[in-house]
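Chemist: Mind looking over this structure? Questions follow.
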Amino acid sequence: MQNKLASGARLGRQALLFPLCLVLYEFSTYIGNDMIQPGMLAVVEQYQAGIDWVPTSMTAYLAGGMFLQWLLGPLSDRIGRRPVMLAGVVWFIVTCLAILLAQNIEQFTLLRFLQGISLCFIGAVGYAAIQESFEEAVCIKITALMANVALIAPLLGPLVGAAWIHVLPWEGMFVLFAALAAISFFGLQRAMPETATRIGEKLSLKELGRDYKLVLKNGRFVAGALALGFVSLPLLAWIAQSPIIIITGEQLSSYEYGLLQVPIFGALIAGNLLLARLTSRRTVRSLIIMGGWPIMIGLLVAAAATVISSHAYLWMTAGLSIYAFGIGLANAGLVRLTLFASDMSKGTVSAAMGMLQMLIFTVGIEISKHAWLNGGNGLFNLFNLVNGILWLSLMVIFLKDKQMGNSHEG
């Protein structure tokens with residue numbers, strides 16, 4: 001492949017600066033969601049809106065993340081990953097500052113949607129470039145370690161957001177997000193390699209439709225992409241719904257709400273760290289299967305505990321922590337195998353994968369909101385368990401071929 005970066009033993013500072021700056025941008029977009037969620041109670045109060053707008057803010061953000069994925073991946077294949085990625089960072093900076101002008105909750109939510117478009121660039125462009133730039137074992141290790149940095153957002157976001165809202169206006173958060181993205185822009189401008197292989201080809205809607213049709217006809221790819229969406233949805237639903245579950249439902253303080261995020265996202269990071277240690281010694285297939293056990297056990301514990309006692313929020317936290325550890329162990333390898341399940345250019349494949357996931361997240365978070373409003377913690381966690389069962393069923397299809405992910409080279 002052109003512009004292939006050196007393997008792990010020979011990675012220099014310039015090569016490492018690219019993933020580091022990409023993850024800083026990813027961090028800024030993630031904390032743009034996780035830090036504002038505890039502040040959403042203050043936002044809806046300022047705009048005199050109902051608490052049902054709290055998770056809707058995240059729904060709008062993720063809907064934006066689905067909006068342009070279909071175009072950005074193929075576009076970056078043809079005009080280059082670098083210019084598209086850099087444009088995405090600038091877009092995020094501008095929309096973060098524009099939200100300071102919102103006059104009501106509807107305008108705020110619209111701007112959250114526009115901010116969410118920035119998520120499209122991470123998967124469809126940035127991570128496609130990462131996958132194209134590094135060999136498989138190195139790539140999985142880098143992806144897992146990058147995920148740890150990105151996961152500081154949901155770990156620190158609720159704590160910092162809850163503390164911030166007591167001393168500073170919520171608007172200041174968006175200035176912080178824009179500043180972090182600006183730093184990543186200068187790093188990416190300096191260090192991001194150009195890995196696109198179809199530069200100069202004409203982009204037509206007919207060809208685009210043909211490419212996506214070929215990708216979506218690949219049953220193994222679709223199974224993997226849907227599985228990634230379903231297995232991650234309980235975590236996203238928790239991020240969206242937990243301010244209401246913990247602060248409104250359980251009558252705990254915003255500080256206690258922040259503390260309850262620590263075991264869940266700490267377990268997620270622990271799973272990623274274990275993955276990084278095991279990658280060179282175990283096959284991707286075995287790591288996915290290994291992660292499946294805590295995923296299913298954790299979701300079952302959370303569902304059983306809250307069905308028996310709706311206010312068993314500590315058991316729910318424990319179950320979701322076990323589940324999160326499994327995700328940390330399994331997801332990076334599943335992303336890799338899904339992306340390479342299709343021979344189509346990785347910009348298109350990554351975009352298709354991202355769209356399927358964002359569709360599941362956008363619809364799923366709204367369903368989880370209504371599940372909690374109508375059935376409390378029990379129905380919320382039963383919905384999460386259903387997603388785990390769907391993931392398990394899709395994994396049976398995805399890993400049906402015994403050779404899938406069964407070698408260290410891929």
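Using N, Cα and C of the backbone, Cβ positions are placed for all residues, glycine too.
Small disclaimer: the values here were computed from a predicted structure and weren't measured.
For reference, Swiss-Prot lists these features for the protein:
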TOPO_DOM  1-14  topological domain 'Cytoplasmic'
TRANSMEM  15-32  transmembrane segment
TOPO_DOM  33-53  topological domain 'Periplasmic'
TRANSMEM  54-72  transmembrane segment
TOPO_DOM  73-82  topological domain 'Cytoplasmic'
TRANSMEM  83-103  transmembrane segment
TOPO_DOM  104-109  topological domain 'Periplasmic'
TRANSMEM  110-130  transmembrane segment
TOPO_DOM  131-144  topological domain 'Cytoplasmic'
TRANSMEM  145-165  transmembrane segment
TRANSMEM  167-187  transmembrane segment
TOPO_DOM  188-226  topological domain 'Cytoplasmic'
TRANSMEM  227-247  transmembrane segment
TOPO_DOM  248-255  topological domain 'Periplasmic'
TRANSMEM  256-276  transmembrane segment
TOPO_DOM  277-287  topological domain 'Cytoplasmic'
TRANSMEM  288-308  transmembrane segment
TOPO_DOM  309-314  topological domain 'Periplasmic'
TRANSMEM  315-335  transmembrane segment
TOPO_DOM  336-346  topological domain 'Cytoplasmic'
TRANSMEM  347-367  transmembrane segment
TOPO_DOM  368-378  topological domain 'Periplasmic'
TRANSMEM  379-399  transmembrane segment
TOPO_DOM  400-410  topological domain 'Cytoplasmic'
Chemist: Is it the case that the transmembrane segment (288-308) and the transmembrane segment (54-72) touch, counting contact as three or more CB pairs under 8 Å in which the residues of each pair are 6 or more positions apart?
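Modeler: With fewer than 3 qualifying Cβ pairs, these stretches do not touch.
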Chemist: Run through the topological domain 'Cytoplasmic' (131-144) and tell me, per DSSP, how many residues are helix, strand and coil.
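Modeler: The topological domain 'Cytoplasmic' (131-144) comes out at 12 helix, 0 strand, 2 coil.
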Chemist: Apart from its near flanks, which chain residues at least 6 from the ends of the topological domain 'Periplasmic' (33-53) lie with a Cβ under 8 angstroms of it?
Modeler: 61, 104-105, 108-109, 153-154, 156-158, 160-162, 164-165, 170, 173-174, 177, 239-240, 242-244, 247-248, 254, 257-258, 369, 373
Chemist: Tell me whether the transmembrane segment (227-247) sits in contact with the transmembrane segment (110-130), defined here as at least 3 Cβ pairs under 8 Å among residues 6 or more apart in sequence.
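Modeler: No, the transmembrane segment (227-247) does not contact the transmembrane segment (110-130).
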Chemist: Restricting to the same chain and to residues at least six past its boundaries, which positions have a Cβ under 8 Å from a Cβ of the transmembrane segment (379-399)?
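Modeler: Residues packing against the transmembrane segment (379-399) from afar: 219-220, 223-224, 226-227, 230-231, 233-234, 237, 241, 245, 285, 288-289, 292, 295-296, 299-300, 302-303, 305-307, 316, 319-320, 323, 334, 337-338, 364, 367-368, 371-372, 405.
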Chemist: Looking only at the recorded stretches 110-130, 167-187, 315-335, which one has the largest tally of CB-CB distances under 8 Å to the transmembrane segment (347-367)?
Modeler: 110-130
Chemist: Counting each residue once, how many in the topological domain 'Cytoplasmic' (277-287) are helix, strand and coil under DSSP?
Modeler: 6 helix, 0 strand, 5 coil
Chemist: At a C-beta cut-off of under 8 Å, are there same-chain residues at least 6 beyond the topological domain 'Periplasmic' (104-109) that contact it? List them, or none.
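Modeler: Same-chain contacts beyond the ends: 43-44, 47, 49, 53, 56-57, 60.
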Chemist: Mind checking which residues reach the topological domain 'Cytoplasmic' (73-82)? Cβ under 8 Å, same chain, six or more beyond either end.
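Modeler: Same-chain contacts beyond the ends: 124-126, 128-129, 188, 192-203, 208, 211, 345-352, 354.
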